[in-house]
Amino acid sequence: MGSSSSRRRSSSLVTKVPKPTIDDRLDQGSATNYNSNWVNYKGAWVIHIVLIAALRLIFHAIPSVSRELAWTLTNLTYMAGSFIMFHWVTGTPFEFNGGAYDRLTMWEQLDEGNQYTPARKYLLVLPIILFLMSTHYTHYNGWMFLVNIWALFMVLIPKLPAVHRKRIFGIQKLSLRDDDNDSIPR
């Protein structure tokens, strides 16, 4: 079942993912992590800009949506998608590494967990730029500012090195493989 040290106490708000075992480290080093290495490919950074532009055009094309609301919806949609993709889902959809990444989110898998790499910096700065643009184009409306800043914090806080491999309120429990939900203590 597991040792008592890996059990989450009921009063704990933050749990820490255990350090990888020697077997996990060997499995992680045995093959390329296809789940997260795409962020270093040519065009991977551009697709974020294309997605933001497409979201902006889609929301602007809806007749009842104002320009200000279109920017806020673009911001919220991109931030929610980014949060789910990088910080909510754990594991990999591929079985190539013996389950070495099953407890890690995609953000924790990026660049083998190294901090301050170019890809991580880009993915950290892009939401800030989108927030600044959406705040500017909403003409600094107070309510939209609060919504946009909340979305920014929800995406930026999990990216900080201080919360690397930590789970706040135990919310990241979604695994990509159904057979792993019972076998891995989270």
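Quick reminder: no glycine exception, Cβ is built from N, Cα and C everywhere.
Values in this document were obtained by computation on a predicted structure and should not be read as measured data.
Per Swiss-Prot, the feature transmembrane segment maps to 43-63 (among others). Same-chain residues lying 6 or more positions outside the transmembrane segment (43-63) and placing a CB less than 8 Å from one of its CB atoms are 69-71, 73-74, 77-78, 81, 119, 122-123, 126, 130.
Taken from Swiss-Prot, the feature transmembrane segment applies to 69-89 (among others).
Taken from Swiss-Prot, the feature transmembrane segment covers 143-163 (among others), and the record attributes it to sequence analysis. Sequence-distant contacts of the transmembrane segment (143-163), counting only residues of its own chain at least 6 positions beyond either end whose CB sits under 8 Å from a CB of the stretch, comprise 68-69, 72, 75-76, 79-80, 82-83, 86-87, 105, 107, 115, 120, 123-124, 127-128, 131, 134-135.
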